[in-house]
Ligand code: SAM
Ligand code: SF4
């Protein structure tokens, strides 16, 4: 099968799959307070997602990441992981989770072949946690992180969206938590996805500001390593087991090396997180249940339309109406 190369000559070897738009949290940067979720028939079945994954892996995708919404609220997720992890040629099956259900699922996920976990953690203060997630409980997530470590997951990475006035002052404490638990941690600039009912510009905190906060307490060593994603990493001179990542869609554009595509929960293949142009794969999959040819042709044609770059402005204005829970970050 011909490899996945886009119109700019970029090789696509990473596919993110949003397995549900639903979530048990309502994080202020991701969702509005009252969300309407997709009706079930508009969401891809697990079999449909597996079919797409199989086609992509056969053409050279080496890394799959399950996300959402919260992937662990989708019924059947453990079996889904098992089938995806077994795809011939796949190097790594990963998941991004809010951690709330990991106490229950971590061991089964590990046994199913899930290789890596990113877990979101924006604060270590129980009240703030509740304010940011609206419905989440910090103790449950911290237990989830412990369960993931106990299950043997190596290379767990924490994800933290930094917002002034909400959690920016906790950056040093979060770094200390990562060091104490020998975890990596990435700090993310908030992206303007979906109307979430607050002014993002007011709380925007750049990666350079976050880095300066950390540098007040730690000697930072620049690092050329990357994890196949958009994060730039630094190491801590005194704590070699923890890497600090910065995901900076505003201040450090990472489009030139973009190697990824996203499949939304409703089956749209997003060519770029910052653009609306996409391919309706759900329609194609359902029109051609037995023949992959038309789907492969449409995928190769769509790749020629993958934008050269996103156009998020530093002002934090909403340019893409889609919510993050649809596209999975
Ligand atoms: N529910 C899972 C979680 O929270 O980890 C997976 C889905 S969530 C959409 C994936 C990642 O996107 C999370 O790390 C979350 O913090 C991040 N995220 C959500 N909305 C964002 C936004 N507007 N800007 C930047 N990151 C965002
Ligand atoms: Fe749910 Fe993740 Fe969005 Fe938070 S960031 S509302 S946990 S999907």
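Cβ atoms here come from the backbone N, Cα and C positions, even for glycine.
Annotations in TrEMBL come from automatic prediction, not curation.
Listed by TrEMBL as binding GTP are 65, 96, 157, 260, 261, 262; the candidate from 16, 211 that the record includes in that site is 16. Per TrEMBL, [4Fe-4S] cluster 2 is bound by 255, 258; the candidate from 205, 272 named for the same site is 272.
When the Cα of residue 120 (S-adenosyl-L-methionine binding site) is compared against those of the binding-site residues 16, 23, 157, 260, the shortest separation belongs to 157.
Candidate binding-site residues: 16, 29, 30, 65, 69. Those with a Cβ under 6 Å from ligand 2, in sequence order, are 30, 69.
Checking the binding-site residues 16, 65, 260, 262 for a CB within less than 6 Å of any atom of ligand 1 leaves no residue at all. The binding-site residues close to residue 30 ([4Fe-4S] cluster 1 binding site), defined as a CA atom within 10 A of its CA, are 191 out of 16, 96, 191, 261. Under DSSP, residue 255 ([4Fe-4S] cluster 2 binding site) is assigned to a helix (H, G or I) in the three-state scheme.
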